[in-house]
């Protein structure tokens with residue numbers, strides 16, 4: 001079954017588009033001494049070095065011009081070669097940061113001299129903290145126009161592609177380097193094909209739309225993963241990866257899964273730290289390892305492993321989950337056996353829970369990550385409690401029922417959301433979400449609330465197309481990303497204590513916490529302002545989405561004035577507003593009609609709502 005596009009990118013949360021470099025230099029182990037598969041001592045190839053350097057510099061110095069980025073990139077590569085003779089350094093990123101800070105004129109010009117006055121980890125963290133998605137100083141990204149693309153590409157293909165990489169990187173500072181190079185490869189295919197097409201403009205339009213979607217979704221996903229790592233740490237990331245890898249490769253044993261989880265976690269961390277070279281090098285190594293271990297991992301990646309490196313990672317990520325081994329079952333109440341959980345050391349408990357995550361995940365390939373994390377937490381709590389009981393086996397009698405509660409809650413939410421989507425349609429479902437989220441976070445602007453709830457509706461439109469068994473994982477995966485971005489918004493500009501609690505307490509419980517958080521009880525509505533409820537004839541000219549947005553802004557302002565507004569009151573106000581539109585838009589002097597009838601509607605609404 002072909003997955004919808006949005007389903008695909010939500011599934012990618014635990015992987016990368018890993019491609020385009022030779023094998024890495026560093027052998028690393030985790031806290032239990034589990035060895036990495038990243039054990040080669042080879043150095044990076046020359047292939048794409050300048051493009052990768054462009055990514056690093058443009059993402060750290062987003063305001064820099066193309067010429068400035070070119071100079072810093074060239075100087076950094078020259079320094080690497082001068083220091084080693086072959087460009088192979090243990091810490092390549094530090095060379096780039098040295099070069100960025102060496103340009104004192106630029107550090108003063110773009111306001112990061114304070115970071116450059118620091119050293120080591122502090123300097124790195126300071127520069128990372130300056131990264132901003134869509135900063136005001138950088139205009140929005142637009143794919144090159146048709147008239148520009150063909151002559152520029154024909155004149156200098158390499159420069160055309162590098163300019164594309166620069167433009168994407170500076171506007172998407174959290175987008176992983178492999179993803180940027182993958183998009184650049186798509187651009188490299190699209191331009192010559194469209195320049196020769198009979199309908200050039202239509203060809204470019206189609207290609208641009210597809211690439212823009214991948215760019216937008218990839219950037220959001222990568223920023224989300226980096227924020228989760230920063231907030232909840234490496235151990236949380238490894239737990240997520242054990243789940244996803246166990247679902248994808250159910251034949252693999254726990255030792256192989258732990259190694260892969262360690263390596264993929266390391267890659268995510270390097271990508272998030274802006275270390276594009278190691279991100280790429282280690283990425284290819286992991287994909288190469290996966291292809292060499294198909295017998296113990298999955299045969300579903302066989303066709304992927306025939307592809308060029310540039311396409312290999314994308315293909316493996318989106319390949320179907322492997323087939324479950326015959327006879328694979330799990331009885332949680334018997335998994336511990338006759339061992340005493342209370343006598344385990346902290347390290348033994350972590351390893352045991354990793355094994356449980358592995359077994360539970362490969363037995364439940366369609367469950368959401370968050371549900372499995374919550375199930376594992378409940379399982380551990382039951383083991384802790386029952387290990388203190390005089391009759392441990394009897395204490396565990398209701399274990400299966402307790403663990404099922406998390407699955408049932410998620411599936412019930414998916415069913416309820418899909419039923420509402422089918423009953424109300426996207427516009428009225430969004431209005432329902434708008435009322436709910438305005439009550440939760442009235443401090444958000446109308447534009448932010450409309451954007452967030454629009455994304456929530458897109459979850460239903462995407463996931464409700466799937467079979468029932470896949471809806472929950474699809475919905476929870478996308479909700480995790482969108483709620484994650486609400487938490488990023490809170491991090492940048494605090495919303496309220498309720499949102500803070502949900503964003504800070506538990507990664508696996510964020511969605512449920514936000515769902516259960518009904519209203520910000522600390523919110524005090526502002527004094528009523530008629531300026532927010534002035535109507536003009538432009539309402540009559542507005543059509544489609546523009547008219548819907550105007551109505552939704554009115555709805556948001558009403559809820560901010562009266563958070564406890566009932567459904568009946570909302571329906572009455574909506575009917576009155578529709579009546580105003582119908583009356584005044586038919587009037588010969590529309591503006592005069594709105595000036596006369598608008599205040600009457602406002603007075604009636606204020607009286608009905610008691611504001």
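In case you wondered, yes, glycine gets a Cβ from its N, Cα and C as well.
These features come from Swiss-Prot:
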SIGNAL    1-24  signal peptide
DOMAIN    25-212  domain 'Albumin 1'
BINDING   28  Cu cation binding site
MOD_RES   113  phosphoserine
CARBOHYD  117  N-linked glycosylation site
MOD_RES   119  phosphoserine
DISULFID  150-195  disulfide bond
DISULFID  194-203  disulfide bond
DOMAIN    213-404  domain 'Albumin 2'
CARBOHYD  253  N-linked glycosylation site
DISULFID  271-279  disulfide bond
DISULFID  291-305  disulfide bond
DISULFID  304-315  disulfide bond
MOD_RES   346  phosphoserine
DISULFID  386-395  disulfide bond
DOMAIN    405-603  domain 'Albumin 3'
DISULFID  418-464  disulfide bond
MOD_RES   446  phosphoserine
DISULFID  463-474  disulfide bond
DISULFID  487-503  disulfide bond
DISULFID  502-513  disulfide bond
DISULFID  540-585  disulfide bond
DISULFID  584-593  disulfide bond
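Comparing C-alpha positions, residue 315 (disulfide bond) sits nearest to 279 among the recorded positions 119, 203, 279, 395. Remark: of the disulfide-bonded residues 150, 291, 464, 540, 585, the most isolated position is 585 (fewest other Cβ atoms within 10 Å of its Cβ). According to DSSP, residue 584 (disulfide bond) sits within a helical segment.
Checking each of the recorded positions 113, 194, 279, 584, 593 against residue 502 (disulfide bond) by C-alpha distance, the shortest gap belongs to 279. Proximity to residue 304 (disulfide bond), defined by a C-alpha to C-alpha distance within 10 angstroms, is shown by the following recorded positions from 113, 150, 194, 203, 291, 585: 291.
Fewest other C-beta atoms within 10 Å: among the disulfide-bonded residues 279, 304, 315, 418, 487, that description fits 315. Around residue 386 (disulfide bond), the same-chain residues at least 6 positions away in sequence with a Cβ under 8 Å from its Cβ are 341, 392, 395, 396. Here the Cα atom of residue 513 (disulfide bond) is found 40 Å from that of residue 291 (disulfide bond). With respect to their backbone Cα atoms, residue 487 (disulfide bond) and residue 113 (phosphoserine) stand 29 Å from each other.
Of the candidate recorded positions, 119, 271, 474, 503, the one lying closest to residue 446 (phosphoserine) when CA atoms are compared is 503.
Sequence-distant neighbours of residue 503 (disulfide bond): residues of the same chain at least 6 apart with a C-beta under 8 Å from its C-beta are 231, 486, 487, 490, 491, 510.
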